[in-house]
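Structure record follows, encoded as structure tokens.
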């Protein structure tokens, strides 16, 4: 009688991440998939016994968890991390993310990493960058400031930019964004309300936090249409889930799968969230954000998650 292979998966997550990710949790579960026995443990601490893989979300680039993670990787080189410190470091840099997306021909709005006001002026003069454009901090995650953003509407607004940063052409997209959540080749998607169409009306720039988009309601008159304010004043901007993007004719399953596969290959990441929009004029998909180990669109079933992670492990480990 042949003994079935057993694979040990260890999910290492802070309690705060567990609460935001899962509907309910289990400290331990075991199941069979593709003739393999998966033994799964969930904990806020690293394991004493070496598992086959550790699934984790590093909450900050520095600090106790980051130090423990790097040390464990060094001491246990055979353990597969989803995702590793190297991936988390890369995904913390908008400059690195965009460079890899551009290198691999992933469609994104025109984007430039800049370190000074003079660089921005040169980009505008050469028409490589045009108004309006969105300003994103270089750091993509782990801090409050990573979500503090600005839309520059007139050239005078350049004076308010904090450097270094990423300047990206602002694309009007009718207040809809498609979010694709990946666990390897397993995809989950949804449409959410997003930033509204903006207009140049003499205002230099406007600020917002992309995790608290209700700030948009206080923007000066003329920047966005009054109807957008009326329609969204009763809802928190960015938190309203709309119909399936396929039903809204925003995209197709084939397009989402193709885009997700290309982004994952470009960045070397398995657990990620991809945000893309469709520009109003041509309707082409443009990737505007990629993040590591996302929320998966709200709380998910623990058993569903670990089964998809196990499937992802078999894909990565080629077993």
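Start at 1 and count along the chain as shown; that gives each residue its number.
Yeah, the Cβs are placed from backbone N, Cα and C, and that goes for glycine too.
According to Swiss-Prot, the protein has these features:
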type    : residues                                             : note
BINDING : 17, 57, 141, 142, 147, 179, 289, 291, 295            : 1D-myo-inositol 1,3,4,6-tetrakisphosphate binding site
BINDING : 17, 141, 142, 147, 291, 295                          : 1D-myo-inositol 1,3,4-trisphosphate binding site
BINDING : 94, 136, 147, 168, 169, 170, 171, 194, 288, 289, 291 : ATP binding site
BINDING : 94, 136, 147, 168, 169, 170, 171, 194, 210, 288, 289 : ADP binding site
DOMAIN  : 98-317                                               : domain 'ATP-grasp'
BINDING : 275, 289                                             : Mg(2+) 1 binding site
BINDING : 289, 291                                             : Mg(2+) 2 binding site
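Positions of the features from Swiss-Prot, shown on the structure.
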| residue | record | Cβ within 10 Å |
| --- | --- | --- |
| 17 | 1D-myo-inositol 1,3,4,6-tetrakisphosphate binding site | 18 |
| 94 | ATP binding site | 23 |
| 141 | 1D-myo-inositol 1,3,4,6-tetrakisphosphate binding site | 19 |
| 169 | ATP binding site | 18 |
| 171 | ATP binding site | 21 |
| 210 | ADP binding site | 18 |
| 288 | ATP binding site | 21 |
| 289 | 1D-myo-inositol 1,3,4,6-tetrakisphosphate binding site | 18 |
| 291 | 1D-myo-inositol 1,3,4-trisphosphate binding site | 18 |
| 295 | 1D-myo-inositol 1,3,4,6-tetrakisphosphate binding site | 14 |
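For residue 171 (ATP binding site), the nearest of the binding-site residues by C-alpha distance turns out to be 275; the candidates were 147, 210, 275, 291. Across the structure, residue 291 (1D-myo-inositol 1,3,4-trisphosphate binding site) and residue 141 (1D-myo-inositol 1,3,4,6-tetrakisphosphate binding site) place their CA atoms 8 angstrom apart. A gap of 26 Å separates the Cα atoms of residue 295 (1D-myo-inositol 1,3,4,6-tetrakisphosphate binding site) and residue 169 (ATP binding site). The shortest Cα-Cα distance from residue 141 (1D-myo-inositol 1,3,4,6-tetrakisphosphate binding site) to any of the binding-site residues (94, 169, 210, 275) is found for 94. For residue 17 (1D-myo-inositol 1,3,4,6-tetrakisphosphate binding site), the nearest of the binding-site residues 94, 169, 210, 288 in terms of C-alpha separation is 210.
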